[in-house]
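Trainee: Questions regarding the structure given below will be posed in turn.
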Amino acid sequence: MKKGREFLERHGVEEARLDAELLVSHALGLERLRMFLELDRPVEPHELERARAMLVRRAKGEPTAYVTGVRDFYRHTFNVDRRVLVPRPETELVVDLARDWAKGRLFPSGGPRVLDVGTGSGCLAVTLALELDGSNVVAIDVSPEALELARENAARLGADVGFLEGDGLAPLADLGGRPFDLVVSNPPYVDPSQRDSLAREVRDHEPALALFGPADDPDHWAVHLVLEAPRKMGPGGRLLVELGADQWKRLEPRLRNVPGTLSVHADLAGLPRVLVLDLPEA
C-alpha cells in the first residue's frame, strides 16, 4: 500500500493515498474498509501483479474508476468505462433535490414520470428509478455506446428505465404518455477553450462529447433545457440541471424572464451547482 501511494505521488497523482487504497483493495477483491481489517492476510503473486498493473494505469493518467471499472454513486455501484463520464459526488445533489421535491407529492400513476437527458452511465436515471417509489423513468443519450452501458447498469441494479437514442429532447417527438413531472440533466458544459486547464485524467480519457458544450455557446444545453423542457412537463413540474462551477453567473442574465421559479443550489464546496426550475402549479 505504502509503495503504491509513493509510486502514484511520484507520478503527480493528487489523491495518491486514496487511489492506491482503492486500486489495491480492488486487486485483492476486498472492500476498501475490509482490506484494513485483513492487513496480515498473505498476498498472492497474481494479486500483486494485478495491483501493479492497475497502479501503472493510474500513474499514466487513467481515471481510477476506469481502471477498476466501477464507481459508487448514491448507495449504488455503477459500471463505468471510457464510453461515459465518471459519476461525480456533486451530481448526487441532483438526486437529493429530486427526492426532496417528490416527497409527499401526489402523482396520477402513484409516482413521478421522470426524464434524464444525457444519461451517460445511467447514474441519475437508474438511481431515481430506485429511489422514487412508483416512478416511470425515461433516459436519453446521443451516444449508442453510452446507452449500451446504461442499459447494463439498469439491468444489473434492477431498475426499470426506458432508453432512447438521440440528441437532446429530439427523441421525445414521437413518445406518448403523460407529461413529465421531473426532468434532470448533467449536460456538457465545459468551454472547449478551457480544455488544457482540465485535469489530465479528465482531458485525456473522458468522452469529449459528454464534457464540452458547443464552442460558440458552451451554455447552450442549459439554456435549451430551461426553455424547451417545460413544453414536455406538466404543471408543478421540476427541472434540475447540473452546472459548471462558474456557469451560473453567465446563465442568470439569459434566464431572468423564464416562467416559473428559478433558483440555484450550491454543492458542498459552496459552488452554484444545480439549477432548479419549478413550474407553476395548474
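Each Cβ is built from the backbone N, Cα and C atoms, and glycine gets one as well.
Whatever TrEMBL says is automated annotation, not expert-curated.
Since the structure is predicted, the reported quantities are computational estimates derived from the model, not experimental observations.
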Trainee: TrEMBL records Gly118, Thr119, Gly120, Ser121, Gly122, Asn186 as S-adenosyl-L-methionine-binding residues. Which of Asp100, Asp141, Asp174, Asp204 is assigned to the same site?
Mentor: Asp141
Trainee: Within 10 Å of Pro188 (substrate binding site), Cα to Cα, which of the binding-site residues Gly118, Gly120, Gly122, Asp141 are there?
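Mentor: Of everything listed, what lies within 10 Å of Pro188 (substrate binding site) (Cα to Cα) is Gly118.
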Trainee: Between Gly118, Gly120, Gly122, Pro187, Pro188, which of the binding-site residues has its C-beta surrounded by the fewest other C-beta atoms within 10 Å?
Mentor: Pro187
Trainee: For Tyr189 (substrate binding site), which residues of its chain lie six or more apart in sequence with Cβ-Cβ distance below 8 Å?
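Mentor: Sequence-distant Cβ neighbours: Gly213, Pro218, Asp219, Trp221, Ala222, Glu242, Leu243, Gly244, Gln247.
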